[in-house]
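Notes follow the structure.
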Amino acid sequence: MDFAFTEEQEMIRDTAAAFLAEVSSSEAVRRAMATESGYDSALWRRICDEMYWQAIHIPEAYGGLGLGYVELVAMMEQMGRYLLCSPYFSTVCLATNALLVAGNEDQKTRWLGELGAGQVTATLAFNGGSRSWAADSITASFRREGDEFVLNGDYRYVIDGHTAGLLVVAAREEGSSGEQGISLFLVPAQTAGVRRRWLPTLDQARKQAAVTLDNVRLDGTSLMGACGQAWPALGKVLDLAAIALAAEQVGGCQQLLDMTVEYTTERVQFNRPIASFQAVKHKAADMMLKTEVARSAVYYAACVADEALRGGELGAELPEAASVAKSYCSDAYFAVAGEALQLFGGVGFTWEYDVHLYFKRAKSSEHLLGDGSSHRERLAVTLLDQGRSS
Amino acid sequence: MKLSFSAEDEQFRAEVAGWLQDNLKGEFARLRYRGGPGDEHTYPEERKVWEQKLAEGGWTCVGWPKEYGGKGCSIEQQVIFFEEYARAGAPGRVGHIGEGLAGPTIIAFGTEAQKQKYLPGIVAGTELWCQGYSEPGAGSDLANVKTKARFDEVRGKWVLNGQKVWTSLAHESDYCFVIARTDPESVAHRGLGFFLVKMDQPGIEIRPIEQITGTSEFNEVFFDDAECDAGDIVGAPGDGWKVAMGLLGFERGVSTLGQQMQFQNELDDIVALARENGAADISDIRQRIARAHAELKIMRYNAMRMLSGHSVSDGSLQKEALIYKLFWASWHRSLGELAMDVMGPECEILEGAPYELSRLQAMYLFVRSDTIYGGTNQIQRNIIAERGLGMPKEPRPALK
């Protein structure tokens, strides 16, 4: 047992931190978030062509770097810390994971090749507009017509849905409900009948879209896995993505903590740095506690996710590890952001200081893929309901 | 990162579990799940016998170096030992202060003579220890110790006068390690000494403290010309604070994994009760149970990070170790409240008169001590902010 980063993993993390400190400055974030696409395409090209981050956990057989989920999580933590505006989460943590988990050999060869080469960005669309991020949130439907599938329906909260070149969409067989009848399809964004609309968001640094499918016709090569039986695979993808998102939340916590310590140490009132007041220190201590506990949750979940993708024994813990990490980190991030804003005082309330960017990200990432309460309820079902007659 | 244990370690796990299964029965069966924090007053005599039984099997001081009679186990094996010990429901260790605190301090700072005199009794489970730190005027401000130690040149002995408080297991112990002021003119952490004092002597009086639970595991200890030999000071006069602080490092050791297993037992009881009495259908209770479950899981991961860390050797605590006490103490206190709320109005009804508490009732009351002893939550937050975050100390007003 050795629950610490290897030297190689530390190097990946440090390289990411150094690069992002340079390219994802406050000014760069503010420029990108003011655009509809939400990212600087020249920077995204650099990330793809020079850093190969988009290929981090794609197996070498498909042209990727073949690294593990721990490395991906180390990367996400730094992106959360520097609020990188990019289609990374949607492309790598949603769509690439979907292909890794549910794609057949032909689909992986083609699309992982293109994604890994940075030729296309992608995302996952499934939620029809529900606070539940489980199977019942899928309202779009499909029916078979000969060899074709015809898809209809609406999706909301589609991360980077208006810019992605490839959509992985979930739809349910007409008349099905719950976890039954769900299929995943690969839909290039230019397919006839696909309509996409950018949704302006409170957290401007992550873009969302609404996607409508209007009699979208697909042939059998678009179907991922067996027809109508995609929920277990999709559930796994969502757990993997939740862990990556939790890592991003840890990075945000750390940055807020560092910013707060720096600011309160410089800010003088009553002839003292306000950081010397216990009322301030105790809040900062609670922020550090939440940050470190969140980090422990995420690193463990990363190890579980890694085994889930590679078929290891720990992989069976994936749903629990994802819910433990996402529930704790979501609540921790929002609490830390709230305390940071309070400790910055008046300037924390301004547009000029960066605190509000993190405060807004904390809330948006809390609700993305299920908030703390919903993940705790998922844990409660396992703990309290299984094997009990009510 | 690697989370699994080696095949060799798994074999060690089987060995520990097997020994406990073979030995924690018969006369010892009733000790299962007893004698932990909040329950230290139960079966003290039987638990002393159990301590010696453990020693016979070679299961005391597993983390100590072999040259001092320990088992020389790796960190992983120590983790496994404490986990299996708690999983088996083996009783609270009456020897834990000697094994976890006094012994490691003597090994680190003691003389050869002290090692030979004191370590074998700890390993054999025959000599028990207690800790003489806190005083009525030295709680959070631990360095404000007033107990005095004076060297009597004529008798060639140290003579101690003063009072200690919150001394757990004092009435069961053979020895106490005591910090006392060797320089009467000194203040704060300067001028202290660290003494190894025999409890059975005329100069020592022990008075139990009746706690919130109605039971007593803590005591007051009065020193009235109590004595120890010239050779029973660890380090030089004036080094006491350094030795005592070195000891605090040992307190955050691998036994935390065993403590977590005890927490898991308590949470399991609460879950079982909630499923039985319908509390499991209340959404607020569901959230709180799930939160307790999630955070206990993370507590384990955090401890694994602590134990895997590589920067402990210089004595500085990593960030995940600095927050650990505040985290588990606050978690455990909440668990006590959760237990009561799952019980509902039944939480008021005792097992019997005059004040016989159920396990969960006793837990609910006793966990209130967790956020106070060993550095209150407030002191922990100061330490985290000052050492972990480098925030400035509170300016101290001049006295008088």
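Think of each number as a place in line: the chain as shown, counted from 1.
Including glycine, each Cβ sits where the backbone N, Cα and C put it.
Positions annotated as domain 'Acyl-CoA dehydrogenase/oxidase N-terminal' by TrEMBL: A:6-118. Across the range of the domain 'Acyl-CoA dehydrogenase/oxidase N-terminal' (A:6-118), the DSSP-based residue counts are 83 helix, 0 strand, 30 coil.
Annotation source TrEMBL lists domain 'Acyl-CoA oxidase/dehydrogenase middle' at A:138-201.
Taken from TrEMBL, the feature domain 'Acyl-CoA dehydrogenase/oxidase C-terminal' applies to A:231-381.
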Item to check | the domain 'Acyl-CoA oxidase/dehydrogenase middle' (A:138-201) - residue tally per DSSP class, helix then strand then coil | outcome: 0 helix, 38 strand, 26 coil
Checklist entry - What mean pLDDT does the predicted model reach across the domain 'Acyl-CoA dehydrogenase/oxidase N-terminal' (A:6-118)? => result 98
